[in-house]
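Working notes, beginning with the structure itself.
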Amino acid sequence: MPELPEVETVRRGLAPAMVGARFARVTLRRPNLRFPFPERFAERLEGTTVRELARRAKYLTAHLDSGESLILHLGMSGRFDVRMPDGSNLSPGDFYLEGALGTPKHDHVVMAFANGATVTYNDARRFGFMDLVATRDLETCRHFAAMGVEPLSDALDGAVLARLFARKITPLKAALLDQRLIAGLGNIYVCEALHRSGLHPALPAGALAKPDGAPTPKAKKLVKEIKAVLTEAVAAGGSTLRDYARPDGERGAFQHGFRVYDRVGHACPTKGCTGRIGRIVQGGRSTFFCETCQVR
């Protein structure tokens with residue numbers, strides 16, 4: 001599933017085609033994706049103009065001049081093919097790293113804009129979805145109401161992390177993946193941030209808070225590394241694994257800089273460490289870490 005850097009990369013790729021553009025025609029080629037489309041979905045979009053294309057955690061939100069916002073979630077394999085007004089295609093060739101999962105038969109939503117651009121949503125597995133909600137109710141809607149802080153925002157610092165994790169015996173990695181606490185972190189970047197911080201993924205999350213609730217030095221370092229990993233990943237265009245690629249069809253490059261993710265048996269890249277990268281399973285997901293320098 002695309003994580004925060006991949007979704008942010010998609011947002012940046014879609015913005016030139018969508019921001020300031022008016023929906024001329026919306027074609028639905030099936031009645032549902034993961035969920036049924038909202039009532040009168042196409043009708044409510046047609047004639048409206050996109051004022052802003054934003055991101056909340058792993059979701060895209062297009063704020064419309066009608067007072068509603070279009071929520072877009074990519075699911076496991078969702079992608080957008082963009083055809084610009086000049087006829088250039090921002091998604092040429094094979095979108096996927098391992099085979100063309102997204103064939104034209106999986107083009108489920110076609111959004112034609114008055115400026116001549118066309119954005120097509122393709123989703124082979126149909127785990128993605130679209131919704132329309134009043135913009136004023138966006139933060140309290142069912143998708144976002146229980147969502148935690150944005151990891152790249154100023155709302156997350158060492159003190160906030162300590163407050164969120166205080167007295168929790170939950171394994172640190174599981175706490176970081178809890179979208180009710182911090183919204184947008186996923187398996188890849190949590191593994192990478194924990195390694196950079198020298199923290200074991202099974203460490204109790206509460207260990208990052210002092211008895212008085214203040215953040216430990218490790219809590220502050222972890223926040224710093226989370227922000228650094230995400231920022232670097234966005235700059236690299238995300239990570240291409242199986243189902244994710246950028247809107248222009250190019251593959252994200254951050255996977256070439258993985259220190260631990262999917263590198264079992266490799267030497268730890270930390271200077272002075274003689275350890276190897278190992279793997280454990282937590283919550284049904286693979287966790288990659290250095291068996292020597294990531295301490296409990």
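Quick reminder: no glycine exception, Cβ is built from N, Cα and C everywhere.
Per Swiss-Prot, the features are as follows:
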| type | residues | note |
| --- | --- | --- |
| ACT_SITE | PRO2 | active site, schiff-base intermediate with DNA |
| ACT_SITE | GLU3 | active site, proton donor |
| ACT_SITE | LYS58 | active site, proton donor |
| BINDING | HIS106, ARG125, LYS168 | DNA binding site |
| ZN_FING | 259-295 | zinc finger |
| ACT_SITE | ARG285 | active site, proton donor |
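When the recorded positions LYS58, HIS106, ARG285 are screened for a C-alpha within 10 angstroms of the C-alpha of PRO2 (active site, schiff-base intermediate with DNA), the residues that qualify, in sequence order, are LYS58. The subset of recorded positions (HIS106, ARG125, LYS168, ARG285) lying with their Cα within 10 Å of the Cα of GLU3 (active site, proton donor) is empty, i.e. none.
Considering only the residues assigned to DNA binding, HIS106, ARG125, LYS168, the longest pairwise Cα distance works out to 43 Å. A distance of 17 Å separates the Cα atom of ARG125 (DNA binding site) from that of LYS58 (active site, proton donor).
Take the CB of LYS58 (active site, proton donor) and look out to 10 A: across all protein chains shown you find 21 other CB atoms. Each residue in the zinc finger (259-295) has a pLDDT score, and their mean in this model is 95. Neighbour density for ARG285 (active site, proton donor): within 10 A of its CB lie 14 other CB atoms from the protein chains shown. In this structure, the C-alpha atom of LYS58 (active site, proton donor) lies 25 angstrom from that of LYS168 (DNA binding site). If you measure from the Cα atom of HIS106 (DNA binding site) to that of ARG285 (active site, proton donor), you get 28 Å.
Taking the Cα atom of each, ARG285 (active site, proton donor) and LYS168 (DNA binding site) are about 20 angstrom apart. For the recorded positions PRO2, HIS106, ARG125, LYS168, the greatest number of Cβ atoms within 10 Å around a candidate Cβ is found at PRO2. Within the zinc finger (259-295), the DSSP-based counts of helix, strand and coil residues read 0 helix, 15 strand, 22 coil.
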